[in-house]
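Annotated features, as they stand in TrEMBL:
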type	residues	note
TRANSMEM	A:25-44	transmembrane segment
TRANSMEM	A:64-85	transmembrane segment
TRANSMEM	A:92-116	transmembrane segment
TRANSMEM	A:128-147	transmembrane segment
TRANSMEM	A:154-174	transmembrane segment
TRANSMEM	A:180-203	transmembrane segment
TRANSMEM	A:210-228	transmembrane segment
TRANSMEM	A:268-285	transmembrane segment
TRANSMEM	A:318-337	transmembrane segment
TRANSMEM	A:349-372	transmembrane segment
TRANSMEM	A:393-413	transmembrane segment
């Protein structure tokens, strides 16, 4: 072929649309920046806005005059928006967007912190970071469960149910046995139980995967809610007082400034979650298991012709996903709270959003989960400093962020090609 | 099968060639009967058993994961791993293996290229390398030339010869007689799931064709010379993108006149689909104009285009042409259900629909148990006749027929062809798009060859096939002329299919 004289064909001149996605996002960012510089700048006070590097007002802090800060960071957002509007190379899109959004958020914080009642003009960064990670924790586990499932071609809408069942069985069996380890095992099995139902109905009986996922969520809410009222509420001492994992500080890492006290002085589930992100990422892209998983999710017939057992891979991955989500559920009941009815409260669906936002990639899912976690934490923080913004609006923040993120910012994402398509041999 | 033999399996579409080979490869289980390898019966529970027994297969639709690299595709299922139970992929070793095999058999592939970026011919090469790394002795090639240009086909035949020289046996499934005669050592002809004969490559094309279809087929389409009138469809500077936002039609000009058949030839994927969809209003026109008898129709809705007198036979009837669960009668009025006499206001008129259905079933010889049978239960040929009946029942100015006889039996092909020619003779402008060169040559009064979103040349139907083949590969007319004069004697045999293969060659889709 290479020796052939293929005549060069001149490309016809075509008017390319000016309003590319990058430009639209740039324009939005520019508007946000203007809003920040003008409105936030006007509302901010001359008070110093302090971002302390500790859990409270004490200690070293980054300080900036509220008005100046709000205007300055607003201008950064404007600049980023303008850069996108002017057109930047494709690989610069995400970094520039990130800078712009961070500028907008900081401008907002300068206003809020400086306008807070006297004595509360500070934001404890350690506290905020810890809160972000803790609130993101169920999202991380949930999104990883999604990655495991969907990379092999089974849509996992049942994350919510898997988390809830994990939380419930962790609490129940942890309480009965008095052992955190029994609780953890039970939580993993609880999540896996919902997964097993998902796998059997989706893979064996070819039920629509989204429908069965939603049904399983309802089932989990119903079953745990029923048992909670009939069992746990009658004798909370016996059935809903699970032991908690004790804090475990990681040597060396605990001494890192800011991050050490925020992340490495306590919650075991956080370590497990971060480690799982790493393990699943490496597993997916560097091992035989990962190659086969991805091939089954992308082109199951091709995998079958090479002797990969498509259905077996799918069963295994769906069950693994249940185990991971079950442990995620236990991160509530074996570390933080007692079980309450419907305690996951929609986090499973935000985990699904994080999965898509993170483009079916474990690391991406982690970043997305942290983004949502931060929005959540911010709402809590603003409530605490009696912000002038109505609390209902603040409670809306994480969901608003989810919609914006999933609808516009990530652009068109590409799911595994065979995601949600049952494989029928022959 | 003997070692080092190329055995051709010849048969019409739907004759059971692919099914037989899928059984051999362990993908399907035989209902009865057995497979013998070296005299011993072989039980295949799955493809891995087949690979273990030294059988490799290159499928008609490539079995490659589009987002994986060449090396990842090749190692899948037979991964070299290190690190014990963790099973880390040994990419370096896989890459080396690919390079070794591709050098040994002279099949150049880049192990790190991503499949979806590669042209079809190279993807096929990856498939062959994939089989060879698994140490197969018997290689099954299922319709390997369906998607290739004549020149790529020639390269493939060279590769097959060198594999044969290396002692590998090859089963070559096809319905193209020219290729069979060029390369096979032995030919088995299959019809309706049965072996109907074996032949040597010296057998004449007519003999083979008769074996294949079971009766003497009409080799050409009967038609009188065309009497072209005024231009009906005029396309100027048309630019259209495909689903992946990649330019598919790239500044194209085209005119179809009343009373002529314009055939559009070309290897699949050179913008034919997008061209038709743009004309029909199914795909946005990015630049340029489409006019129907002077009226600009680009930007019109599909319904408006249809109402303006355009008939459309879509290339994939199961996706675009029919609602399979609907009855034959319902499918026959899909375009005009809301117009009298079939509909008035919000209501349908079932009696009118039934009466008209009955007439058209008779007129177009649709073989169905009743007008109320779901159209999905009909054979491919009869489904296609339903579409043709529907489209030709309106007064047309322009008929666009894409792959009009894909997956259709011989009898229906003749009928559909005669209907198309009849439509031309009453003064309709007709555009036929087909990846089957024989069909285009048989029907067309002028042939436009598409290459990379452009018309690279317009030739008459009596142009030699080699020349059209070169055009399909992107060699412009002048260059094509030079090449065909000095290269024709050498590769004529392979690219030259007989007119007879027209009969059985209309389709690649049986899987």
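Note: Cβ is positioned from N, Cα and C throughout, glycine not excepted.
Cβ atoms under 8 Å from those of the transmembrane segment (A:154-174) belong to residues 138, 141-143, 145-146, 180, 182-191, 193-195, 198-199, 202-203, 209-210, 212-214, 216-221, 223-224, 227-228, 231-232, 239-240, 242-243, 314, 317-318, 321-322, 325-330, 332-334, 338-339, 342-344, 346-349, 351-352, 419-420 of the same chain, restricted to positions at least 6 beyond its ends.
Remark: the transmembrane segment (A:349-372) makes no contact with the transmembrane segment (A:92-116), by the rule of 3 or more CB pairs under 8 A. Looking at which of A:128-147, A:210-228, A:268-285, A:318-337 has the most CB pairs under 8 Å to the transmembrane segment (A:180-203), the answer is the stretch A:318-337.
Non-local neighbours of the transmembrane segment (A:64-85) in the same chain are 22-23, 25-38, 40-41, 43-49, 93, 96-97, 99-101, 103-104, 106-108, 110-111, 113-115, 121; each lies 6+ residues outside the stretch with a CB under 8 Å from one of its CB atoms. Remote same-chain residues near the transmembrane segment (A:210-228) are listed as 155-158, 160-162, 164-165, 167-168, 172, 194, 197-198, 201-202, 240, 339-342, 348, 420 (criterion: CB distance under 8 Å, separation of at least six residues from the stretch ends). Away from its own ends, the transmembrane segment (A:268-285) comes close to residues 133-134, 137, 140-141, 144, 147-148, 151, 245, 248, 250, 293-294, 324, 327-328, 330-331, 334-335, 361-363, 365-366 of its chain (Cβ-Cβ under 8 Å, at least six residues beyond either end). Remote same-chain residues near the transmembrane segment (A:318-337) are listed as 134, 137-138, 140-142, 144-146, 148-149, 152, 154, 156, 159, 162-171, 174, 180, 183-184, 187-196, 198-199, 202-203, 242-245, 267-269, 272-273, 276, 343-344, 348 (criterion: CB distance under 8 Å, separation of at least six residues from the stretch ends).
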